[in-house]
Amino acid sequence: MPRRLFKRYMPDPMSIREHKSLRFLGTLLHDPNLWHLNRHSVARAMAVGLFAAFLPIPLQMLLAAILAIIVRGNMPIAVSLVWLTNPITMPAVFFCTYQTGAWLMDVPARQLPDSLNWEWITGEISTLWQPFLLGSVVTGLVLGALAYFLVMMYWLWWVARQWKRRKKSRM
């Protein structure tokens, strides 16, 4: 597990707890699962981080942090996963989520015009927002759940592999 690598770059939990602007949260940030790297907290962080990443809303990082507190997942991992949808990847990701939503709603997906302008966007937003929002939520839920189970399975495989190596080296 690249646990040492993660720990090297993760913020110090004590410094975050004592930060002036975060004191209003009280003891919410004192849960060890928010900062430890264990199978459950990392899997939960992957799930909520990917879910928040695919939502087309502002303040995705804040949502990921709140969800990490609620599900007791690793907060730095959840918040950092939101950056999968950055300004460079966002158009492609949101186009795919729109296509997914249009497919789920069984409506024909609209084609982009040759020259994208504000007039076209404001005229088409009434037909685009429902498939886009549905596709974003469904994609976030599916990929979040998939990431949760993949992390759990990978972690168990890694631990079993390490045990086998230890057992083999003792003989």
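Every residue, even glycine, has its Cβ placed from backbone N, Cα and C.
What TrEMBL records for 22-164 is domain 'DUF2062'.
Tertiary neighbourhood of the transmembrane segment (47-71): same-chain residues 28-29, 31, 34, 77-85, 93-94, 97, 132-133, 136-137, 139-141, 143-145, 147-148, selected by CB-CB distance under 8 Å and a gap of 6+ residues from either end. Taken from TrEMBL, the feature transmembrane segment covers 47-71 (among others).
Residues or ranges marked as transmembrane segment in TrEMBL: 132-160 (among others).
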Apart from its near flanks, which chain residues at least 6 from the ends of the transmembrane segment (132-160) lie with a Cβ under 8 angstroms of it?
1, 39, 42-44, 46-56, 94, 96-105
